């Protein structure tokens, strides 16, 4: 899979001076009362935007935000992003707010651009064609530009107009710095890791991570499992799990994976104790189980202290760690300890530490460990599909070197 990482043209392989450059960014940021609450994705886009500006290109930015389902929704307008980008770039980012995205305002704004100017188009998902990858909208986007740059790793696993369709109608399609960085870290971790290589998987469902578990068992030295998905594995081992989250139809699969780990000589670590409660609530009374078994009427909501210690020690011995998914219900303080301990062990480790986006990225940033990690992926779904060994359509569509 290294081919994905290194055989695509990048922004440095082309001349952008005086050219109109359409850049697909990932500005799908959380908003509260019209204010951006997490700027991680904006910061990630800046190197590519600045490079094109400095080289005298005309920068036309596009992105989706939320799920407007093909119609304009004021609360999902990219206006707050344009405002914040103007501040971060020290330059006005023009925002021709066309509900049809590529409307008269946008076309006129692009026509009047000077070298080094930046404009941001309206939310691409205001158009219903976007998620269906329909030719009409792809052609409209392409008509604005000479060059297309994909720098949205977070949507690289989606074949939409603004990620894949547009590449058919623009002569040159390359990747930006953010996608390069993502592929460098994730690609090296999966294909050429420094060993011991450990992967930690958490989150609620086994079904979300089936292919990831299967693929990683071919690559890792140790696989650590926590979070809601661990109870299906504990059940498969023959333990009682009370009223914990269980995917009945995945018990056999969990047994197969336990067997596969043995065959491959991979150390598979599962919880040895749990933090449980009678209800799923912030004020629920937490108990710690003595071993793997959870008694009737109780549900597991976090890994227990013995497990946290076991997992943290394992992390300390690693040279490469990839983590995707929290160890428990980290939004409730009583059930956040497992996630905190694992994050702390990674932050203190000398290893290359990679956080696979989504909830784990949120947890790490919330806990203040963000700057202690080697790389925090900007794409939850995309990084998962990458770890499954799948080709990402948004990257496959770019020009080869």
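Sequential numbering from 1, following the chain as shown.
Cβ coordinates are placed from backbone N, Cα and C, and glycine is handled just like the others.
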Which one of 41, 84 goes with 26, 27, 28, 64, 65, 66, 67, 125, 158 at the substrate site, as Swiss-Prot has it? 41
Around the Cβ of residue 125 (substrate binding site), how many other Cβ atoms lie within 10 Å? Please give the count over every shown protein chain. 25
Within 10 Å of each Cβ, count the other Cβ atoms, then let me know which of the binding-site residues 64, 209 comes out lowest. 209
Sparsest Cβ environment (other Cβ within 10 Å) among binding-site residues 26, 331, 359 belongs to 331
Between 28, 360, which of the binding-site residues has the fewest other CB atoms within 10 angstroms in the structure shown? 28
To the nearest whole angstrom, what is the C-alpha distance linking residue 125 (substrate binding site) and residue 331 (ATP binding site)? 30
